[in-house]
């Protein structure tokens with residue numbers, strides 16, 4: 001990333017904002033990122049540091065001309081070897097412009113210009129050096145944030161202005177009248193050049209550095225081998241007094257086949273929180289599209305194998321071993337193997353409340369006898385229900401989860417082999433689910449839900465709250481230079 005990407009928007013925060021692609025009109029976002037006044041203050045501080053380095057690259061052209069010297073007539077002068085050894089930006093603010101974008105306002109900037117001068121008049125040859133000090137420089141830049149039809153972010157400069165309040169010149173030489181004439185020429189020429197060069201440098205940097213950098217942000221991010229997440233913008237960022245809200249689609253989808261979901265994201269009523277630089281409001285829509293994506297991919301389907309049952313229980317997937325559970329099974333299908341196939345009935349809806357993240361999964365477990373012909377014949381089907389709560393944790397870039405299951409409740413839905421001991425089978429399934437299925441799911445949750453951040457951004461002072469229909473993540477931000 002170029003220094004300008006950090007300079008103008010303090011890309012530490014802009015990286016939170018933009019991953020474009022327009023959404024459907026009238027729908028709610030799945031994720032909202034809110035940049036607070038504290039976040040904008042941090043962006044301004046980071047931006048000033050980087051902008052100082054960028055403006056030190058401003059090149060000043062040589063300048064020549066002629067002027068009249070009393071008693072000597074007209075003479076030629078030239079200013080050359082102009083350098084900027086110091087460029088200090090002392091104060092700056094980054095504020096939202098409602099309905100437009102962002103404004104970067106810099107005041108009390110200071111520039112030191114060092115150069116040489118020479119004067120020629122027939123036989124007269126004079127030359128020496130000078131130092132020019134610009135004080136009270138102000139710079140104002142307005143940026144428009146948006147997205148293009150491809151779904152990627154855009155940033156343009158709508159206006160830029162700079163103004164020099166005071167110039168002091170320290171010029172070396174002996175002829176006072178000549179030096180006074182030179183001073184007026186240097187003051188006028190360099191004031192004009194500096195004011196135009198500063199804005200030109202800024203505008204070129206937006207086009208050449210910041211915009212290409214934003215274009216590298218992917219619209220989608222792969223979570224794992226099964227699913228990805230759509231971080232497209234649903235509209236241009238909303239600038240209001242003291243904050244900037246960015247609306248992301250926030251939809252998780254299966255990688256092998258994406259299709260529209262048949263439910264909408266709920267409206268989120270964000271609290272008026274300002275203790276952190278940035279807040280992520282993640283609606284239950286995000287979690288429910290994740291459940292749907294993994295259901296469509298078949299990730300929730302499972303098989304109970306002999307290796308999953310403790311050896312000391314002496315229970316294997318045979319009709320003989322299942323005699324304690326289903327007495328008639330071994331009589332009707334003597335000495336045959338069993339297959340136990342589990343499926344989640346449908347995508348599971350996650351309910352976010354002020355207390356917790358809750359889910360109520362329902363599963364079917366079907367038993368099939370493997371006949372001597374290798375054909376499979378279904379013999380009974382069980383319904384399994386439970387309550388699941390999730391513990392969520394944060395790190396510098398992602399959210400992780402851990403499921404805490406409740407006890408299973410098993411019912412017999414269908415049987416071709418008569419009745420059986422549901423309580424005993426329920427105990428066996430509780431052991432299996434607790435020791436095999438949930439660890440598998442928790443392993444997947446450990447892969448983490450990535451937040452919409454660009455590279456080199458880290459979060460700290462993390463805050464996690466659950467609200468009705470959404471999860472609120474607050475954080476401060478640090479840009480780690482590389």
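Here the Cβ of each residue, glycine as well, is placed from N, Cα and C on the backbone.
Residues annotated as disulfide bond in Swiss-Prot, with similarity to another entry given as evidence: 160-199. Secondary structure at residue 160 (disulfide bond), as computed by DSSP, is strand.
According to Swiss-Prot, the feature N-linked glycosylation site maps to 301 (among others), an assignment based on sequence analysis. Of all Cβ atoms in the shown protein chains, 12 besides its own fall within 10 Å of the Cβ of residue 301 (N-linked glycosylation site).
The feature N-linked glycosylation site is assigned by Swiss-Prot to 351 (among others).
As annotated by Swiss-Prot, N-linked glycosylation site applies to 387 (among others), with the evidence given as sequence analysis. In this structure, residue 387 (N-linked glycosylation site) belongs to neither helix nor strand by DSSP; it is coil. Residue environment of residue 387 (N-linked glycosylation site) contains 14 other Cβ atoms, counted within 10 Å of its Cβ in all protein chains.
As annotated by Swiss-Prot, signal peptide applies to 1-26, with the evidence given as experimental evidence.
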Inter-residue C-alpha distance, residue 160 (disulfide bond) and residue 387 (N-linked glycosylation site) (nearest angstrom):
58
Alpha-carbon spacing, residue 199 (disulfide bond) to residue 301 (N-linked glycosylation site), which is rounded to whole Å:
60
In whole Å, note down how far the CA of residue 387 (N-linked glycosylation site) lies from the CA of residue 301 (N-linked glycosylation site).
18
